[in-house]
Ligand code: ABU
């Protein structure tokens with residue numbers, strides 16, 4: 001292979017010959033400049049195969065007597081390493097060193113962008129055999145630029161056609177930050193948009209693709225278009241392996257002009273952290289698109305060779321250059337383009353010479369300031385058409401080559417042709433040779449299955465069964481109360497309030513059924529109705545059950561705290577009014593809520609989950625239904641606030657009247673206990689359910705059990721003692737209805753007893769104070785005695801000693817009411833005094 005030094009000497013030799021000799025074997029030299037990327041480390045080093053191909057063309061052109069008669073075409077060239085700066089330097093060398101160059105030949109997009117933009121200043125046509133950047137199609141910026149290499153945009157319609165073939169409508173893009181790829185992606189984005197394909201993400205990197213590849217994974221990219229030079233492609237592939245972005249769920253589209261074994265070499269030199277085997281694994285199944293660069297029909301081309309003949313000659317030339325394996329040199333694919341580029345130059349020069357001859361001018365008159373000949377050269381190049389080894393060569397108005405594209409796939413480590421696409425006719429020729437890892441066309445996204453989280457059936461049935469039992473039990477208690485309505489025991493327990501409590505309990509138990517009615521039972525349209533029913537049922541049930549108990553305990557409190565008899569009288573209707581007003585407040589709040597801001601079905605969406613036993617590539621998206629209004633917090637705050645106050649006030653009343661036993665309301669203490677129970681459970685349940693609201697089963701179970709527990713305990717506390725009493729004394733006389741309410745005398749006697757009780761308590765307090773004082777006196781006296789004894793300790797009176805031991809010590813026994821009977825007998829406390837008389 002020719003080294004940089006060898007090329008420089010070749011170049012100098014050509015210059016010397018041209019300047020010093022001026023012709024070759026009597027023929028005049030037509031000089032063109034060539035820039036080939038050969039020895040670089042980044043970008044496209046396609047000069048390795050393109051330069052020998054160009055030299056073959058030079059030979060063939062110069063051996064054609066009908067072409068450039070009397071002239072020989074001469075190529076002065078140098079290596080640009082595919083670096084734009086160096087490319088510019090090579091161009092200046094070519095231009096500022098004689099002889100004058102008639103045209104420039106270039107390869108590698110980054111270099112051609114530089115020279116293509118500058119060449120107009122020297123009125124030079126630039127023809128590129130190896131630059132794909134779509135940016136080069138800008139005629140304003142590159143007015144004298146032509147290329148035998150098709151623009152990279154020809155890949156985009158092909159990619160889109162393949163995506164449409166497999167119904168992929170969600171793709172991602174990763175690109176190296178070079179103008180060639182940026183402009184390709186811009187074109188791809190526009191085309192994708194037109195085709196209705198969503199670009200989920202566009203990742204770009206300068207040298208290190210680590211983060212860009214990671215981001216692709218994060219975005220759940222499945223169909224990914226990668227645009228980069230081959231060195232960067234190796235780095236990307238290694239990251240693909242590390243991030244497991246390959247296999248049955250992914251399809252990568254790479255550029256098709258890399259060498260066949262691009263992913264295997266050179267890994268060590270490029271410090272890649274992946275083995276060959278890993279690279280092979282990651283590369284398996286990827287697709288490539290590439291413009292056809294070899295004439296696929298075995299027809300004779302302008303040079304008299306077929307593409308096959310050209311391949312043989314090129315291979316031979318490469319072997320002579322030291323390339324053992326002909327597919328190894330970079331640019332092997334593009335070699336026909338370089339060959340045809342020289343032919344295009346020769347044909348254009350030929351045509352220009354003819355045109356100039358017609359006006360008595362010669363091509364030798366060309367200088368970098370000669371616009372006329374430059375225009376002729378441009379026109380001739382623009383009109384050039386021939387059949388070359390790369391196919392039909394023709395240039396569009398933008399100077400682009402029009403070409404077919406081919407699609408390949410890597411199957412078992414080798415590229416296999418899948419088909420061809422002719423963008424002009426939108427014709428896709430497909431061989432059906434594609435193979436998919438896993439035997440199935442990969443999806444363009446994770447299929448997300450929505451899954452409604454519903455209360456488990458077992459739990460729902462269990463809770464409904466228990467609540468039904470409770471509701472039936474409440475109904476039986478209603479019947480029981482009605483049947484025994486004449487009994488004094490029932491009459492003095494305020495049966496109407498008890499009945500209201502039972503109705504409330506039935507409603508609360510019924511709300512359990514509504515709470516469990518979710519998306520598995522009702523439609524989305526019916527769900528808001530269920531939401532409303534839940535609120536009404538539970539709220540009214542609570543108000544009736546708790547309100548009735550509250551009114552009872554409130555009555556007890558009134559009876560025991562007012563001093564005047566008339567004030568102590570609480571008419572039964574007042575209790576109904578109290579419960580009724582609670583209900584009215586409920587109805588008003590619920591009605592306004594429903595009218596202004598009704599409860600709606602809202603969905604809480606949870607993070608995606610992997611299905612437990614999924615073979616398919618799917619994810620589960622759990623959803624949970626909630627009943628919510630727009631201003632949910634305000635409505636709940638209103639309802640909870642008002643009920644919370646009721647609960648706390650009820651708790652206070654129950655505490656205040658904890659040891660009071662009233663004849664008029666014989667079950668007041670049990671109702672008080674029931675209120676404790678309700679308050680405690682409500683205060684625990686409300687905040688806990690807010691915390692566990694995302695767990696439908698736990699939340700439903702917790703609320704249901706709290707309701708069940710409250711209802712069952714209230715029924716048990718209030719009614720079981722009555723049932724037991726009636727069962728024990730079934731034959732007890734049934735009182736007349738006239739005796740249900742206490743008579744005036746009874747009421748007065750009761751009030752008298754209350755006064756006596758108060759007097760007694762005062763007396764007890766006085767006595768206790770007296771006892772305390774006496775105890776003090778006793779202690780003082782005992783202290784004086786012991787001092788006296790100490791002073792007289794020389795005389796011990798045995799009889800006195802004995803007397804003290806035998807009962808001379810004063811005895812005080814205070815009998816207080818025992819704890820258990822205290823509650824029951826709180827209305828009549830007892831204190832027994834037993835103070836030894838001898839002591840007093
Ligand atoms: N086919 C090689 C293209 C190289 C480039 O556009 O730079």
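The first residue you see is number 1, and the count goes up from there.
Just so it is clear, glycine is given a Cβ too, placed from its N, Cα and C backbone atoms.
When the ranges 575-596, 597-618, 729-750, 751-772 are checked against TrEMBL, the one recorded as transmembrane segment is 575-596.
Annotated range for transmembrane segment in TrEMBL, selecting from 423-444, 533-554, 775-796: 533-554. Put simply, of 457-484, 496-517, 533-554, 575-596, 700-720, the stretch with the most CB pairs closer than 8 A to the transmembrane segment (634-655) is 533-554. Summarising model confidence by region, the coiled coil (743-777) averages a pLDDT of 83.
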